[in-house]
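Chemist: Dumping the structure here so I can ask a few things about it.
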Ligand SMILES: [Zn+2]
């Protein structure tokens with residue numbers, strides 16, 4: 001049986017799937033991923049929460065790159081992989097879609113039962129008063145304060161970042177919270193930061209209800225995602241994964257499909 005027929009069979013036999021997705025779902029929408037086929041970093045690892053909180057210079061660099069990166073990230077549209085998974089949910093085949101992506105493209109494609117494990121990049125949160133504002137408002141404020149940076153272009157990087165290097169960021173003016181003057185941060189979980197407990201618990205609950213797990217486009221290199229696959233394995237639930245490269249859970253998989261996500265899931269469309 002070919003891999004894709006085996007996948008079709010797997011999805012057909014398990015009608016309560018817990019779906020876990022990663023960056024490989026969104027590369028077809030023009031959002032690069034972090035890792036190569038071996039699961040190694042392709043580029044400078046992303047900023048950690050410790051660096052972001054610890055230094056104003058890091059925050060200037062973060063927001064300058066984010067301002068440039070948002071131009072393309074903010075316009076990204078769902079691709080065939082997102083649509084295929086939305087179709088799978090609509091047919092009653094899933095308990096939850098847990099995504100490690102922060103781009104909201106699953107929701108844009110019509111998926112409704114989604115948990116954004118690592119948060120969402122289209123919202124900005126104040127670390128002092130807890131208030132939120134849309135990323136679009138933040139973008140307008142960034143552009144107002146930094147008109148000289150507006151026309152800079154740079155290669156796209158993951159998570160709405162841009163490969164803006166060798167720049168002096170000291171003149172970049174980061175807006176404070178409009179309500180209290182506090183420090184603003186995208187409403188995403190940074191490296192070095194914990195996923196909120198209630199989000200993890202809600203996902204575990206959906207996993208317990210599921211009869212199998214389908215991983216799509218993730219190398220599962222970080223524990224925040226891998227733990228769900230580990231738990232499924234501990235519970236004896238079958239696990240299938242669609243990923244072009246190695247995953248950290250390869251030894252736990254019932255079925256591995258080494259194809260691009262959109263090709264492997266095309267039968268759902
Ligand atoms: Zn505030």
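Each residue, glycine too, has its Cβ placed from N, Cα and C.
Automatic prediction, not curation, is the source of TrEMBL annotations.
Look at TrEMBL and you will find 118 tagged as active site, proton acceptor. Annotation comment: TrEMBL describes 100, 101, 102, 103, 217, 218, 219, 243, 244, 245, 261 as NAD(+) binding site. Feature annotation from TrEMBL assigns Zn(2+) binding site to 126, 129, 177, 180. If you look up TrEMBL, you'll see 1-269 marked as domain 'Deacetylase sirtuin-type'.
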Chemist: Measuring C-alpha to C-alpha, could you say which of the recorded positions 118, 126, 129, 177, 180 are within 10 Å of residue 102 (NAD(+) binding site)?
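Modeler: Checking Cα-Cα distances against residue 102 (NAD(+) binding site), the recorded positions within 10 Å turn out to be 118.
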Chemist: Taking 8 Å from the centroid of the Cβ atoms of 126, 129, 177, 180 as the cut-off, which other residues in that chain fall inside it around the Zn(2+) site?
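Modeler: Going along the sequence, the neighbours appear as 127, 128, 130, 131, 176, 178, 179, 181, 182, 184.
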Chemist: On a C-alpha basis, identify the one among 118, 126, 129, 177, 180 that is nearest to residue 244 (NAD(+) binding site); the candidates are the recorded positions.
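Modeler: When the Cα distances are compared, 118 comes out closest.
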Chemist: Among the binding-site residues listed here, 126, 129, whose Cβ has the fewest other Cβ atoms inside 10 Å?
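Modeler: Ranked by other Cβ atoms within 10 Å, the binding-site residues 126, 129 bottom out at 129.
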Chemist: If you measure residue 219 (NAD(+) binding site) to residue 177 (Zn(2+) binding site) at Cα, how many Å is it?
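Modeler: Taking the Cα atoms only, residue 219 (NAD(+) binding site) lies 36 Å from residue 177 (Zn(2+) binding site).
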Chemist: Tell me the Cβ neighbour count for residue 102 (NAD(+) binding site), meaning other Cβ atoms within 10 Å of its Cβ, over all protein chains shown.
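Modeler: For residue 102 (NAD(+) binding site), the 10 Å Cβ neighbour count is 25.
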Chemist: Over the domain 'Deacetylase sirtuin-type' (1-269), work out the mean pLDDT and round it to an integer.
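Modeler: Mean pLDDT across the domain 'Deacetylase sirtuin-type' (1-269) comes out at 91.
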